[in-house]
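TrEMBL lists LYS5, PHE6, GLY7, GLY8, THR218, ASP219 with the feature ATP binding site. Annotation comment: TrEMBL describes THR49, GLU120 as substrate binding site. For 389-463, the entry in TrEMBL reads domain 'ACT'.
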Amino acid sequence: MKVVKFGGSSLADAAHVQKVIQIVQSDPERKVIVTSAPGKRFAEDVKVTDLLIKYANAIINGSEASTIVETIFDRYQQIGSGFDVPKSVLDDIKAKLIALPTQSYPNDDYLMAAFKAHGERLNAELFAACLTESGTKARFIDPSEAGILCDNPNGATVLEQTYANLANLSYGEERLVFPGFFGFTLDGNIATFARGGSDITGSILARGLNADLYENFTDVDAIFSANPKIVPDAQPIHKMTFREMRELSYAGFSVFNDEAIIPAIQGQVPINVKNTNNPNLPGTLIVPEKDFTSKKPVTGIAASNRFSALYLHRYLLNKEVGFTLKILQILYKYDVSYEHMPSGIDDLTIIFDRSQLDHDTIKKMCHDIQIELNPDTLDWIDDYAIIMVVGEGMRARVGTIENIIRPLAEHDISVHMINQGASRISIMLGTRQSDADAAVKYIYQHFFKEDPSVNQLEYQAEV
Ligand code: ASP
């Protein structure tokens with residue numbers, strides 16, 4: 001049995017929904033279908049989820065919202081009119097949209113979550129009707145019926161009990177259509193995952209229903225070995241491991257939500273990323289490590305500019321007991337998590353995800369560190385990018401670091417930090433943000449284009 005998830009662009013209009021229906025009908029194993037809300041039909045279009053956020057904000061601020069309700073409803077009507085869905089289905093969608101402000105919510109966070117979730121909830125109802133009209137019996141299943149339990153209204157995490165609930169879900173001949181992106185709190189309120197969270201629902205269902213495969217249909221042919229915006233002819237990755245995907249998504253491989261892979265890993269369910277517009281292509285298969293034999297040292301290269309770093313220097317730092325503890329206490333005080341902390345004999349760099357920090361927090365945090373730890377140098381470095389070079393085969397080949405650094409040196413790109421993960425399947429580099437794209441390009445060229453032997457495993461070293 002396969003769990004199949006379709007992203008917002010795959011369900012953006014009737015023509016796309018038609019393709020999705022063909023994909024579902026072409027394989028009887030595609031039993032469980034997860035839908036996103038209708039996404040963008042063209043570059044300037046607005047996703048239904050963003051329209052619902054606007055609707056929620058209008059209600060919170062007491063503003064007029066009828067125009068926005070019409071705009072949202074039009075999206076569903078356009079899809080429904082491509083199929084002969086009963087009028088009652090569309091009437092029901094409209095009624096539910098209009099009724100959203102009349103429901104009671106514990107607070108505005110829950111109100112926001114409930115409004116957002118209706119993008120997928122109404123789309124799943126509509127999709128089940130379209131599929132049934134097209135000759136394949138389908139049933140809409142609400143996360144409350146399936147027992148998908150989460151902990152907080154926005155940016156929720158799934159509760160373990162969900163998997164026991166899903167194991168009890170019985171199904172027969174018909175296909176099951178689940179809305180992605182949300183579950184329910186123990187109090188029975190709607191809670192949404194992070195943006196892009198329909199991927200998470202798909203993964204939870206794949207684990208909970210013990211699927212053989214989780215197919216994730218999107219609008220790209222595969223995951224590529226480098227961002228095609230930087231390297232236009234980057235090779236598609238045919239097969240990679242869960243670990244490789246985790247490491248790459250960390251530095252911006254954003255094909256699907258990076259939390260989404262975790263339930264699939266826990267259930268050891270392989271993921272196949274495929275293109276709705278090109279469903280016969282193999283896409284990218286992401287598998288457990290035990291099902292993978294590496295043929296080359298480097299699978300993919302990614303870069304992200306979303307980082308900042310704090311550099312501290314003080315003599316004999318390595319001898320001082322409790323230095324890092326004091327820093328961590330300060331981070332804890334400001335509720336800040338860090339990404340990495342490479343250290344040397346007299347110095348230490350702490351790398352942060354910039355999106356969680358505002359100017360004021362940085363100022364206060366640096367001030368406390370200066371007072372409590374009295375470093376000789378304290379520099380806040382806003383201009384920080386991380387490059388990840390990832391490959392399961394890396395540990396079976398000597399000299400990968402040299403091959404990463406050489407093209408950078410040849411192009412005068414300086415490297416501020418190098419860190420090889422304990423798993424030995426990734427090497428992380430810190431560079432200036434303005435160098436990041438060029439670094440990806442030159443490393444890619446060196447491994448994938450200039451000399452094919454650089455990215456081949458000649459022998460299996462000790463692993
Ligand atoms: N509709 C939600 C979003 O736009 C979730 C998803 O599409 O996966 O973030």
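Quick reminder: no glycine exception, Cβ is built from N, Cα and C everywhere.
Caution: TrEMBL annotation is automatic and unverified by curators.
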ATP binding residues LYS5, PHE6, GLY7, GLY8, THR218, ASP219: largest Cα-Cα distance, in Å and rounded to whole number:
12
Local backbone state of GLU120 (substrate binding site), from DSSP in three classes
helix
Could you name the residues, excluding LYS5, PHE6, GLY7, GLY8, THR218, ASP219, of the same chain that surround the ATP site, i.e. Cβ within 8 Å of the Cβ centre of those residues, in sequence order?
SER9, SER10, LEU11, SER36, GLY39, SER198, ASN216, PHE217, THR276
Where DSSP helix means H, G or I and strand means E or B, what are the helix, strand and coil counts for the domain 'ACT' (389-463)?
38 helix, 12 strand, 25 coil
For THR49 (substrate binding site), the one of GLY8, THR218, ASP219 that lies nearest, given that the binding-site residues are compared by Cα
GLY8
If one looks at the chain holding LYS5 (ATP binding site), which residues at least 6 apart in sequence have a CB under 8 angstroms from its CB?
ILE33, VAL34, THR35, SER36, GLY180, SER198, ASP199, THR201, GLY202, TYR214, GLU215, ASN216, PHE217
Looking only at DSSP and grouping its letters into three states, which state does GLY8 (ATP binding site) belong to?
helix
Binding-site residues near ligand 1 among LYS5, PHE6, GLY8, THR49, THR218, ASP219 (Cβ under 6 Å):
GLY8, THR49
Taken over the domain 'ACT' (389-463), the model's mean pLDDT:
86
Does ASP219 (ATP binding site) have same-chain partners at least 6 apart in sequence with Cβ under 8 Å from its own Cβ, and which are they?
GLY7, SER9, SER10, ASN275, THR276, ASN277
